[in-house]
Amino acid sequence: MAGIGPISQDWEPVVIRKKAPSAAAKKDEKAVNAARRTGAEIETVKKFNASTNKAASSSTSLNTKKLDDETENLSHDRVPTELKKNIMQARMDKKITQSQLAQMINEKPQIIQEYESGKAIPNQQIIVKLERALGVKLRGKK
């Protein structure tokens, strides 16, 4: 290190203080009272919808009237009666159970049950599998 330049020392004092109070500590009742005693400025703000149990999104909007006026009943398509009867008849003709048919098409037995009861939402891939397994055309004209 010799030859770099003159060596000097910094002899200024270092002051170590406590860290500043957090926001929560500033709002503490004791801290507010101490600030009042010293004459410091205190700001109080009333927040909108504070201390109410209402969600911010619960207020009515412009779309509410449109939703109220809407009368269309929306629902999923179900298996047509003709298709469920065709599946049941083809399965009975082959003399196999619902679980055997489900195993043939690699699906759960509940799916076959839903299709035969008419509760399932039609899936063309499953219907194609059923047509292949049963050897019958289930959709369209025969």
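Note: Cβ is positioned from N, Cα and C throughout, glycine not excepted.
Since the structure is predicted, the reported quantities are computational estimates derived from the model, not experimental observations.
So that you can see what the record holds, here are the features copied from TrEMBL:
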REGION    50-76  region 'Disordered'
COMPBIAS  50-64  compositional bias 'Low complexity'
COMPBIAS  65-76  compositional bias 'Basic and acidic residues'
DOMAIN    87-141  domain 'HTH cro/C1-type'
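According to DSSP, the domain 'HTH cro/C1-type' (87-141) comprises 35 helix, 0 strand, 20 coil. Under DSSP, the residues of the compositional bias 'Basic and acidic residues' (65-76) split into helix, strand and coil as follows: 5 helix, 0 strand, 7 coil.
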